[in-house]
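According to Swiss-Prot, the region 'Carboxyphosphate synthetic domain' annotation covers 1-401. For 133-327, the entry in Swiss-Prot reads domain 'ATP-grasp 1'. According to Swiss-Prot, the Mg(2+) 1 binding site annotation covers Q284, E298, on the basis of sequence analysis. Annotation comment: Swiss-Prot describes E298, N300 as Mn(2+) 2 binding site. Here Swiss-Prot flags 402-546 as region 'Oligomerization domain', drawing on sequence analysis. Marked as region 'Carbamoyl phosphate synthetic domain' by Swiss-Prot on the basis of sequence analysis: 547-929. Positions annotated as Mn(2+) 3 binding site by Swiss-Prot: Q820, E832. Under the heading Mg(2+) 3 binding site, Swiss-Prot lists Q820, E832, citing sequence analysis as support. Annotation source Swiss-Prot lists Mn(2+) 4 binding site at E832, N834, citing sequence analysis. Marked as Mg(2+) 4 binding site by Swiss-Prot on the basis of sequence analysis: E832, N834. As annotated by Swiss-Prot, region 'Allosteric domain' applies to 930-1060.
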Amino acid sequence: MPKRTDIRKIMVIGSGPIVIGQAAEFDYSGTQACLSLKEEGYQVVLVNSNPATIMTDKDIADKVYIEPITLEFVTRILRKERPDALLPTLGGQTGLNMAMALSKNGILEELNVELLGTKLSAIDKAEDRDLFKQLMEELNQPIPESEIVNSVEEAIQFAEQIGYPLIVRPAFTLGGTGGGMCDNQEQLVDITTKGLKLSPVTQCLIERSIAGFKEIEYEVMRDAADNALVVCNMENFDPVGIHTGDSIVFAPAQTLSDVENQLLRDASLDIIRALKIEGGCNVQLALDPNSFKYYVIEVNPRVSRSSALASKATGYPIAKLAAKIAVGLTLDEVINPITKTTYAMFEPALDYVVAKMPRFPFDKFESGDRKLGTQMKATGEVMAIGRNIEESLLKACRSLEIGVDHIKIADLDNVSDDVLLEKIRKAEDDRLFYLAEALRRHYSIEKLASLTSIDSFFLDKLRVIVELEDLLSKNRLDINILKKVKNKGFSDKAIASLWQINEDQVRNMRKEAGILPVYKMVDTCASEFDSATPYFYSTYAVENESLISDKASILVLGSGPIRIGQGVEFDYATVHSVKAIRESGFEAIIMNSNPETVSTDFSISDKLYFEPLTFEDVMNVIDLEKPEGVILQFGGQTAINLAKDLNKAGVKILGTQLEDLDRAENRKQFEATLQALNIPQPPGFTATTEEEAVNAAQKIGYPVLVRPSYVLGGRAMKIVENEEDLRHYMTTAVKASPDHPVLIDAYLIGKECEVDAISDGQNILIPGIMEHIERSGVHSGDSMAVYPPQTLSETIIETIVDYTKRLAIGLNCIGMMNIQFVIKDQKVYVIEVNPRASRTLPFLSKVTHIPMAQVATKVILGDKLCNFTYGYDLYPASDMVHIKAPVFSFTKLAKVDSLLGPEMKSTGEVMGSDINLQKALYKAFEAAYLHMPDYGNIVFTVDDTDKEEALELAKVYQSIGYRIYATQGTAIYFDANGLETVLVGKLGENDRNHIPDLIKNGKIQAVINTVGQNNIDNHDALIIRRSAIEQGVPLFTSLDTAHAMFKVLESRAFTLKVLD
């Protein structure tokens, strides 16, 4: 079937900000789809609120709107653009839910907009739990015994009929949001209440738990001619009961018999055909390990996290082909872009094993509930490719960047057997390491299988690794054993640890013995056809398939898995850097380990190495490719952390040199640099012991800001107000030592702003200055940033530009740099300098129209700023106002406190742009799903130090129609100062009128809660904040943010004035 000619303009809805359950995979799929549609000659209009994505670059679609993905704004854009069709299946759950809302509100019908890819009826049947149940019954596909409920009472009734355990699955939600497993009525009531609240259609499916079955996924494609194929099947290491996004996953499935595979494959193809999906679809199934009995768990009628994984695992570009199918092309007439000789109708074949491992945020959220269940908690993932399970698993392990290079974590030797077995039974994020430890202690596979329901096949593979550890320990420096363990994916570092020598010695010994990796191609066809894909993975085999060209090459290191503090912004910078390298006439090579991102799309670079970002793996690629140099600036802390070892190994690092990186990161050197340049900074000291820290704080005076050196995202950063808290921090939060000093700084309360700049060693370009709405004390990644600055005087701006120039030249920066300033009493202080790309780079690139990563890359390669058209120093400011606002995933992370502070907690960002600050703020809040009505009730429960400022804020909220509720201390202060309030209780104050109840009953429209440093662990305040998050009520833990929201509400209100 030829492509359709009756449609000309297509609108694509993106997935919005990155949250747990919906990460960079939609940037990858959305980018692919937009380019694929443009390739076919269609005009593409894109709507997405996330500025950190490649997808929202001007050249990806014909028209790009970075606007809130809400009914109000998408409808406005539809009315303005009048597209012929809408493609919602590439924007994750956000895109699907928006399509449903547009349809239900009659917008699509009114504007005569056709839905492409997956029809509304199919979305409804897959997402509406009742319709899905009916369809499965019609197809004779087994599903667990279940009931659709719209109230808690109905859920209890069903539970009384069939008993526990049960699983709650809310309709139309993402990543298992609001769902969970229940073993009793109390848990059922709690989870169903949250689930109904979070489901846009107030509906939950309550089903009999089949936890313990094998979880298998099939990624399937279908076109309008009813051609259908399986792209890839995948098997979860963890059984049903743990969200697939939180599970280790292998592709292809490892333990299925031919009969089982055929059974599940037929079911998946029957389902996609019955739903008449045109494009990609993910089917999740549960298989009884002891019979051929299976159940259909869920169907995602769209491109998903699993399809991004399947695309990267096979090389088959699902999103690109889904877009072509959506406009009428069929699988048997589209050429497979990898082989360039076969058609897309050929099912991919794999001659390797892929392992995906989730990356959890618990290194930042130590108080978080680590127990895994049906609600997703991972922020990102890594993928590794090997010739056997052991190899791919160990490569994935060391890709995670959690301080491990093997399936062993520190201090497990000291864990008692009781604790060990409890950790294995409980299924937390680190269970894999405890399983390996149990095998080291000779627990039987049968025992571990019965505790976990993990297939014995996988446990046996772990036992192979453990037995090889033992073999290594008993045969020190044995070359044959070395060869054997390298084949199974052991790292040089792990071997060195077992042999009690250093990593360099293992590396040299291995190289002398000729034990070197070769690189194999990912070609979709297990080498059956010729393929020209420049997509490689390492293994210890015979033939090397990565041929080195004569062209000079540059290696760019990516940023690894998405985690809090290092998100998709760094992938954005990596992709742009590669573009500039290619434009400069070099061969661009990317090395990265993240399957979700655009940078690991093989069409982006001249060569892609899908490998862990460790010294060993990077050096192996460098030894083979012999690049002109390596660019580290765009890979976040991941790449920067490799600088020292690469430099020592003689690798040419391009851009700012190691000694200058050190001068910015090393406290003493940095202080000396600032003093030499005559630039003020808050007084501070470095401490390597508890006593040193206490002495430093006494000299500076409390409060002080404490943090470890060399971290990203403010990890373990804290504001400390007294000696007791400081001693507690030094003994629990960090392990200070001469190698790992702790920085102690005076905490200045003032206005914070930051600058991204490009330096060529002689001149600098500052695309823009960003002013933070929240004052210092809230991490810059969690602050709302405004460009251009709205309240900075010309003198302050000139000072910032002057200090930036001095620092760029004084630190010999070549390429990108980010500087953070605090302004107190009209004096500018430098807080920190990062001589690399920062997370604000995509936002600033979008709003200034300067492709910063590209300019910086060309400068790194030797170009000068005078050869560009952007001039020097501060670039002229935009006449629009642009706001970058953080987005959080607290609903997914029970027990994580939503109070903002110096440690970063946001997972993503949105952007709001308009002609003035109030309108831009309105858009930013709407895009971040922080919506407040024009009137209602607002609760104030604030710290004593904030009461005076909070009073003024409460007065202005009252002036626009809000009723002020306050807890006792706040209410007494407000009443004494002439502001009438409604007194509310916190908790346990023998009063029905307490805040969590009021929030639950819909009586409260917003909560303003601030806490002094000495009361951070206040239990009542924690529960109030948690209640607001769970019920979706706007929560402000900074008065500055609450004031920004007031500006929005005020701008929407009319002035009501008594006649004089």
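First residue shown is number 1, and so on along the chain.
Glycine too: its Cβ is placed from the backbone N, Cα and C atoms.
Feature map: Swiss-Prot annotations on the structure.
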residue : record                : DSSP class
Q284    : Mg(2+) 1 binding site : strand
E298    : Mg(2+) 1 binding site : strand
Q820    : Mn(2+) 3 binding site : strand
E832    : Mn(2+) 3 binding site : strand
Measuring Cα to Cα, how far is E298 (Mg(2+) 1 binding site) from E832 (Mn(2+) 3 binding site) in Å? 47
Say you check the Cα of Q820 (Mn(2+) 3 binding site) against those of the binding-site residues Q284, N300, N834; which is nearest? N834
Within 10 Å of the Cβ of E298 (Mg(2+) 1 binding site), how many other Cβ atoms can be counted across all chains shown? 19
Distant-in-sequence Cβ neighbours of E832 (Mn(2+) 3 binding site), under 8 Å, six or more positions away: I819, Q820
According to DSSP, how is the region 'Oligomerization domain' (402-546) divided among helix, strand and coil residues? 77 helix, 11 strand, 57 coil
Distance from N834 (Mn(2+) 4 binding site) back to Q284 (Mg(2+) 1 binding site), taken between C-alpha atoms, in Å: 44
Neighbouring CB atoms within 10 angstroms of the CB of N834 (Mn(2+) 4 binding site), all protein chains considered, total 22
Tell me the Cα distance separating N300 (Mn(2+) 2 binding site) from N834 (Mn(2+) 4 binding site), rounded to the nearest angstrom. 41
Report, as a single number, how many Cβ atoms besides its own are within 10 Å of the Cβ of Q820 (Mn(2+) 3 binding site). 19
Work through the binding-site residues one by one (Q284, N300) and point out the residue whose CB has the fewest other CB atoms within 10 angstroms. Q284
Find the average pLDDT over the region 'Carboxyphosphate synthetic domain' (1-401) in the predicted model and report it. 93
